[in-house]
Structure formats: structure tokens, C-alpha cells
Amino acid sequence: MTRTDHRYARRGNASRSNAARSAAWRVFGMEMRKIWRPLPVLAALIVLLVGSFFIVNFTYLNNGGADVVAESAEFGPVYDARARERIRSEIDKAKQAFAADMAADPQAREQGVTDYDTYQAWSERMTAGKDAPAIDAYRLASYQRINALELIQSQADIGADELRARLLDQACYTLHEAWDGYPCGALPATVSARIDALTAQYDSRSMLQYNVNLTLQDSGKWMLMTATLCAMILTSFPLTRDRQLHVTALQWSSRTGRRIRSLQMCAIGCSAALAGLFVGGLWAVWLGVRMRPILGFGIDSALYRDIAWFDGTVLQWLAAYALTAGLAAAAFALLSAGIVGAQSNGIRMLLIVIPIAVASACCVNFVIGKYLYYLGNPLNRVLAVPGVEAIALTAMLMLAVGLWLFIVRRLRRRELTD
């Protein structure tokens with residue numbers, strides 16, 4: 001061949017390659033449209049609607065009428081010397097208000113109660129049975145304020161050594177169920193290193209209320225479950241529908257047609273990830289609006305003892321939950337679609353999908369999503385490393401991809417007479 005012939009041959013190969021890529025993109029777009037049809041989308045939205053009730057129900061930002069977000073933001077983003085001084089000042093103000101309340105109470109004057117200290121002494125005598133209960137202080141805003149501020153002091157105002165001891169106790173209980181002097185055994189090196197890091201940043205702890213962390217954990221767990229189920233419902237229909245419309249038979253009539261199955265895998269994975277990110281994004285935006293004053297606060301709180309594997313702000317943790325929802329949705333949906341395959345009708349498909357969906361929901365609720373990215377996650381008893389939940393989801397995604405590649409390879413090697 002001459003040089004000109006080689007040049008024309010290369011151009012022809014490039015043209016065929018471009019045509020193949022263009023055809024692949026067209027097929028991929030068709031597969032995406034088959035997934036995002038009205039009926040599957042409606043079913044996914046119904047799952048989202050039901051899941052949203054649980055998400056809202058496990059949100060604790062209004063605790064008995066108290067605004068948990070406002071309480072978290074009251075003394076600033078960091079529990080430092082300035083915050084400690086402000087808390088002491090607020091306690092003094094609350095005690096002055098309590099003294100004024102006692103001065104206005106005839107029962108208190110009769111019992112000789114003039115301020116908070118004399119009330120405490122009177123309360124101890126009453127408990128010992130020396131006085132009859134006559135002063136109802138629990139309903140007073142000043143009394144509730146004093147109790148709340150002193151609770152913050154008792155939980156947060158401890159030394160670095162005491163903090164380390166409490167974190168060690170928490171780790172022993174979490175991993176070995178050892179508590180109050182029971183032998184703990186050796187902790188994993190990763191856990192010890194994390195405790196050292198948390199102790200080292202003693203002066204940079206935030207003042208997030210307990211219910212803020214609990215809201216992230218509990219509502220986030222339900223969000224992950226909802227995202228996973230939405231993705232599974234959305235992506236369960238296309239293969240069965242193809243078989244009902246005899247599209248599968250046409251695809252299997254040639255080896256070129258069988259290659260479409262790999263594009264279907266990509267479309268299912270992308271659609272599931274998009275569905276998970278959509279649900280996770282809605283949840284993150286909804287909570288982000290409610291937590292706007294504390295989005296920049298660190299997740300490591302002086303008022304919360306569970307050990308988080310990562311630092312970062314509330315905003316970053318919301319984003320991490322949303323990204324994890326996308327990963328979980330892709331992993332579970334791909335694995336489910338690979339197991340279910342193309343059934344002869346929708347009833348057979350649902351009979352297989354529903355048990356898989358229940359098992360997936362239990363896995364997310366009791367394993368993956370429980371105390372996500374905290375030491376308390378059950379997976380840390382097997383492998384105590386930061387982000388073990390994401391590692392498990394990635395492994396599950398790789399397993400699902402491997403299953404699909406096996407299916408695609410088996411189809412491509414079939415003879416046309418099959």
C-alpha cells in the first residue's frame with residue numbers, strides 16, 4: 001500500500017470509530033429514556049413521599065418547643081474561653097431572674113427562698129421529707145434556663161485529659177461493649193489515632209447540641225434508605241419491559257445487539273446515581289435551610305461524645321450524606337437489576353424485586369446507614385477504618401459491575417442459534 005492508501009485507511013478507521021461512538025451515545029440516550037418513563041418515575045416519587053414522612057419524623061431540631069439550632073449558635077462556633085465566660089455570665093443573669101421570680105412568689109417568701117442557692121437548699125430539705133412541696137419552680141423560664149446552661153457546663157467544661165478518658169470509654173463500649181472498668185482490650189490503631197486527633201483539637205470543638213448530630217444520623221439514615229429504594233424501583237422496569245415488547249429477542253439475534261446490554265448497565269447505574277443524588281440533594285437543601293446559622297460549625301461538638309471519623313462542618317457533612325446516597329443507590333440498584341434480569345411479566349419481576357428491596361432497606365437501616373461515618377457504625381467491628389461504609393458500598397458496586405460484565409460476556413459468546 002502507498003502512503004496515500006494508509007492515510008485513507010486511517011481516515012476510514014477514524015470515521016468508523018466516530019460513527020460507533022455516536023451510535024453508542026444514541027443507544028445510551030434511548031436506554032436512559034426507557035428508564036425515565038412516567039410510570040417508574042411516579043412509583044419512585046411515591047416511595048420518596050412515604051420516605052419523607054419518616055425523614056421529617058426523625059428530625060429533632062425542635063426539642064419540646066426549644067430551637068436547637070438557635071441554642072447551638074448562641075455562644076459562637078467554638079467552645080473557647082470567650083464562650084465559657086459568656087455562659088457563666090448568662091447563668092448569673094438567669095439566677096438574678098430566678099431571684100426576682102422567687103421574690104414575687106408568696107410560697108417562696110413563706111419558705112424563706114430568696115434566690116437559686118436557697119431554693120436548692122430548700123429542695124434538698126423537701127426531698128428529705130422535712131418540708132412539704134410548695135414552690136413550683138420547674139415551670140419558670142429562669143429555672144429552665146439555669147438548668148440548660150449548667151448542663152452545657154457539666155458536659156463541655158472538662159479538661160483535655162478527661163475528654164480523652166471519656167472518648168476511650170466510648171470507644172471501648174462501642175467496639176467491645178466494655179464499660180465502667182470492664183477490661184477493654186487493645187483498640188485498633190486507627191481508633192487510637194482518631195482519639196488523639198480529637199483530643200488535640202480540644203480548643204476548637206463546636207457547641208452543636210446533641211439533637212443536631214442525632215438529626216444528621218437518624219434522618220440521614222432514612223434518607224439513604226429512601227434514595228436506595230427510589231433508585232431500585234426506577235431501574236427495575238426496563239429489562240422486563242424490553243422482554244415483554246420482544247426487544248430482547250431482537251437484541252440477542254446478533255452479537256452486535258448483545259453489546260447493548262453493557263450500555264443498559266451504564267444507563268441503569270447513571271440513572272440510579274442521579275436518583276440517589278436527587279433525593280440526597282433535596283434532603284441536604286431542606287436541612288441546610290433549617291440549619292443555616294450553624295452550617296459553618298464543626299461536627300466535633302463539646303456536647304456530643306460519639307466519635308466521628310472525620311472533621312468538617314455541618315455543610316460538608318450534609319454534602320457527604322448526599323454523595324453517599326448516590327453511591328448507595330447506584331450499588332444497590334445495579335446489583336438488584338443484575339439479579340432480577342428480564343422477567344416475562346411485571347408480576348414475576350415484582351415478586352423478585354420486593355424481597356431484594358426489603359433486604360436492601362434492612363442493610364441500609366441496620367448496617368450502612370447506622371451512625372454513618374461514626375465509630376458506632378456496625379461495620380467498624382469488622383474493619384475499624386475511616387469511611388468503612390463508603391468502602392463497603394464501593395465493593396458492592398464493583399460486585400454489581402462484575403455481575404453485569406459476566407452477563408454481557410456470556411451473551412456475547414453465545415452462538416446465533418442460541
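The backbone N, Cα and C atoms fix where each Cβ goes, and this holds for glycine too.
Heads up, TrEMBL stuff is auto-annotated, nobody curated it.
Annotation source TrEMBL lists transmembrane segment at 39-60 (among others). Note on the transmembrane segment (39-60): residues 68, 211, 214-215, 218-219, 221-223, 225-226, 229-231, 233-237, 275, 279, 283, 287 of its chain, located 6 or more positions outside it, place their CB under 8 angstroms from a CB of the stretch.
Annotated transmembrane segment per TrEMBL: 222-241 (among others), in sequence order.
Under the heading transmembrane segment, TrEMBL lists 262-286 (among others). Proximity of distant same-chain residues to the transmembrane segment (262-286), defined by a Cβ-Cβ separation under 8 Å and at least 6 residues beyond the stretch ends, is recorded for 24, 27-28, 31-32, 34-36, 44, 48, 51, 55, 219-220, 223-224, 226-228, 230-232, 234-235, 238-239, 318-319, 321-330, 332-334, 337-338, 401, 404-405, 408.
Annotation source TrEMBL lists transmembrane segment at 318-342 (among others). Through the fold, the transmembrane segment (318-342) approaches residues 216, 220, 223-224, 227-228, 230-232, 234-236, 239-240, 242-243, 248, 265, 268-269, 271-277, 279-281, 283-284, 287-288, 291, 295, 310, 312, 349, 352-353, 356-357, 360, 363-364, 368, 372-373, 389-390, 393-394, 396-397, 399-401, 403-404, 407 of its own chain, all at least 6 residues removed from its boundaries and within a Cβ separation under 8 Å.
Residues or ranges marked as transmembrane segment in TrEMBL: 349-368 (among others). Below 8 angstroms of C-beta separation, residues 221, 224-225, 228-229, 232-233, 236-237, 240, 328, 332, 336, 339-340, 343, 377-379, 389, 392-393 of the same chain, each at least six residues beyond the ends of the transmembrane segment (349-368), sit close to that stretch.
The transmembrane segment annotation in TrEMBL covers 388-408 (among others). Beyond its flanks by at least six residues, the transmembrane segment (388-408) meets 258-259, 261-262, 265, 269, 324, 327-328, 330-332, 334-335, 338-339, 341, 367-369, 372-373, 377, 379-380, 382 of its own chain at Cβ-Cβ distances under 8 Å.
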